[in-house]
Amino acid sequence: MATPPKRMCHSPVFNNSFEKRVKKLSIEGNIAAGKSTFVRILEKASDEWEVVPEPIAKWCNVQTTENENEELSTSQKSGGNLLQMLYDKPTRWAYTFQTYACLSRVRAQLKTPSPKLLEAEHPVQFFERSVYSDRYIFASSLFEFQNINETEWAIYQDWHTWFLNQFESDIDLDGIIYLRATPEKCMDRLHTRGREEEQGIQLEYLESLHYKHESWLYDRTMSVDFENLQHMPVMVLDVNEDFKYDKIKQEALLDKVKEFLASL
């Protein structure tokens, strides 16, 4: 697959030397495909790799001291469990949730790298999902399930496009890693991990998300509005077989990631 030219970066946040060296990738996949397990493996694999996790704790309003990405702002502390609210009353909370989810992803992709990463010779940032999957997978699916109405969907697309155009040079990605698993396997893993907010998720919803991931990242037939996204390199990893406790499978996945990085 042809690789597009390295993006132009004009961010005042980081020095030009770092921006020329760093590679930014998102880890995409269905709910419970294995992303959290995968990014933990990545984080341990190299001192030059940094993982920016999905801010689940923020969405659940859970205060934690384990990771600064999971801390809450003052305005959130009495905001309730937005993820639970989404699953309990999707038609009421879908637009609110997707608006906040996208905002939190923009913040994550603009976050200042760690000092260790700034000094790395070959720095890599991995983001657990991205502003693109927020729109083309999750918000789109909620609209198709009629949990987001036409007016909300039009507004979401309008500000999402404007937002990304404003920050394009700072949040653009070099590539995407798609963790591919069947909806049935994702359902099994969802039940195994036992996240309370997710217990009402139906297989039909996972099938819808799977179809969208396939269209976007596997078949590459999905229509997208951002030119950089149309030609972005994608590596597909089959994670239908469990790899959480299998060191051989983990090493095989890491080898593929290293090959992909070398091609960018």
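In case you wondered, yes, glycine gets a Cβ from its N, Cα and C as well.
If you look up Swiss-Prot, you'll see 29-37, 189-193, 241-243 marked as ATP binding site, on the strength of sequence analysis. Under DSSP, GLY29 (ATP binding site) is assigned to a strand (E or B) in the three-state scheme. Neighbours of GLY29 (ATP binding site), defined as other CB atoms within 10 A of its CB across all chains, total 25.
What Swiss-Prot lists as substrate binding site is GLU54, TYR87, GLN98, ARG129, ASP134, GLU198, and the listing cites sequence analysis. In sequence order, ILE31, ALA32, TYR87, LEU190 are the residues near GLU198 (substrate binding site), counting only same-chain partners six or more apart with C-beta under 8 A.
Within its own chain, GLU128 (active site, proton acceptor) has SER26, ILE27, LYS35, SER36, VAL39, VAL51, VAL52, PRO53, GLU54 as residues 6 or more apart in sequence whose C-beta sits under 8 angstroms from its own. Among the features that Swiss-Prot reports, active site, proton acceptor is placed at GLU128, with the record citing sequence analysis.
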- Query: ASP134 (substrate binding site): which of the binding-site residues GLY29, ARG189, THR192, ASP242 is the nearest Cα neighbour?
  - Reply: GLY29
- Rounding to whole Å, the Cα atoms of ARG189 (ATP binding site) and ARG129 (substrate binding site) are apart by 18
- Sparsest Cβ surroundings (other CB atoms within 10 Å) among the binding-site residues GLU54, ASP134, ASP242: ASP242
- Please name which of the binding-site residues listed here, GLY29, THR192, ASP242, is nearest in space to GLN98 (substrate binding site), Cα against Cα. GLY29
